[in-house]
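Q: First, the structure itself, so that you have it in front of you.
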Amino acid sequence: MVAIKNLVLVALTAVTALAVPSPLEARAVTWTCLNDQKNPKTNKYETKRLLYNQNKAESNSHHAPLSDGKTGSSYPHWFTNGYDGDGKLPKGRTPIKFGKSDCDRPPKHSKDGNGKTDHYLLEFPTFPDGHDYKFDSKKPKENPGPARVIYTYPNKVFCGIIAHTKENQGELKLCSH
């Protein structure tokens, strides 16, 4: 009886000691955007919290063509982030800081947007459900919604998600994550 108890104890100890931890799964980063939308029942604006999955937004940017406004919908197109066409920041403008060097440097954007040394930001619609925006839709083009995934030209580095503060118009703000 003692031998059986010892055998069970040794077996349990061996299983515990030899157990290999399983790798942790990386959690998807969720971005939260605040957007004022009109309530059709009250006809008043209400602030909505819109949630975006970073993996889905990055996937949207990878499915987008690497062009500046040359599609039926004009997306993706150059996100100036407050800069002028020469990469200068006009007085009184403050660019959004994404926290990545590729995303925060002043742009270099040639006339056609395809120069060998060009580097700039592109914006492309992204949605809470992660579906791909139909970039070649013409009239009527798909509603782009309030949020945009921002990424770099030419290497498609993910910068972040921004959204209009009121429906699909007005100021663009960096969403939180």
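Counting starts with 1 at the first residue shown.
Glycine residues also receive a Cβ, built from the backbone N, Cα and C atoms like all the rest.
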Q: From the disulfide entries in Swiss-Prot, identify which of C103, C175 pairs with C159.
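A: As annotated by Swiss-Prot, the paired cysteine is C103.
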Q: I'm trying to understand the geometry here, so how far is the Cα atom of H77 (active site) from the Cα atom of E123 (active site, proton acceptor), in Å to the nearest whole number?
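A: The separation of the Cα atoms works out to 6 Å.
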Q: Just give me the nearest neighbour of E123 (active site, proton acceptor) among the recorded positions C33, C159, H164, C175, Cα to Cα.
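A: Closest recorded candidate to E123 (active site, proton acceptor) by Cα: C159.
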Q: Under the DSSP assignment, what numbers of helix, strand and coil residues are found in the compositional bias 'Basic and acidic residues' (99-119)?
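A: Helix (H, G, I), strand (E, B), coil: 4 helix, 2 strand, 15 coil.
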Q: Taking the Cα of C103 (disulfide bond) as the centre, which of the recorded positions listed as C33, H164, C175 lie within 10 Å of it?
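A: Within 10 Å Cα-Cα: none.
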Q: Of all the disulfide-bonded residues given, C33, C103, C159, C175, which has the fewest Cβ neighbours within 10 Å once its own Cβ is left out?
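A: So among C33, C103, C159, C175, the disulfide-bonded residues given, the one with the fewest Cβ atoms within 10 Å is C103.
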Q: Whole-number answer please: how many Å between the C-alpha atoms of H164 (active site, proton donor) and C33 (disulfide bond)?
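A: Between the Cα atoms of H164 (active site, proton donor) and C33 (disulfide bond), the distance comes to 9 Å.
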